[in-house]
Amino acid sequence: MAAFATAEACDSNAELISNGDLRALHPIFKMYGQRRCFSGPIVTLKVFEDNVLVRNQLETKGEGGVLVIDGGGSMRCALVGGNLGQLAQNNGWAGIVVNGCVRDVDEINDCDVGVRALGSNPLKSSKKGHGEKNVPVYIGGTLIRDGEWLYADSDGVLISRTELSV
């Protein structure tokens, strides 16, 4: 996927941008993981300071998908750490976008997966299993639906209603 560029996608899809089928997330995310450029169909989670559903989802086959986690923007603990980064890599996830924090940054940076998060925090999350899967989430100024496509590179993150030709 190294040939894909979000800036070029925006330039060549003005109509999709104007009708809302292609949206750019606000530039609030930091980059982690070895993949600077990644894309795939989206699976959504909505959790708050609890990463049980995150682990459960990353234990499934990712098949090149991107896990988008709405952690409510909490900066009080991490939802993804090095073990989950390794799990994502091993199970074929292309990337993870976290509206919240990660930890074990050096370990995540060793994983062949793309990760975007608001920042890092060494505190772990709770383990109660609360949250929702496959629900619309509002992150980075846009509504993101399960099954849409995410494209990320060094310029930013795009959400598309459908898969773009790259």
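Note: Cβ is positioned from N, Cα and C throughout, glycine not excepted.
The substrate binding site feature in TrEMBL is assigned to Gly81, Gly82, Asn83, Leu84, Arg103. The number of other CB atoms found within 10 A of the CB of Arg103 (substrate binding site), across every protein chain shown, is 21.
The number of other CB atoms found within 10 A of the CB of Asp104 (Mg(2+) binding site), across every protein chain shown, is 21. Taken from TrEMBL, the feature Mg(2+) binding site covers Asp104.
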Among the binding-site residues Gly81, Gly82, which residue has its Cβ surrounded by the fewest other Cβ atoms within 10 Å?
Gly82
Can you grab the distance from Gly82 (substrate binding site) over to Asp104 (Mg(2+) binding site)? Cα atoms, rounded to a whole Å.
5
Using an 8 Å cut-off from the Cβ centroid of Gly81, Gly82, Asn83, Leu84, Arg103, can you name the remaining same-chain residues around the substrate site, in sequence order?
Ala78, Val80, Gly85, Gln86, Val102, Asp104, Glu107, Ile108
Packing count at Asn83 (substrate binding site) (other Cβ atoms within 10 Å of its Cβ):
13
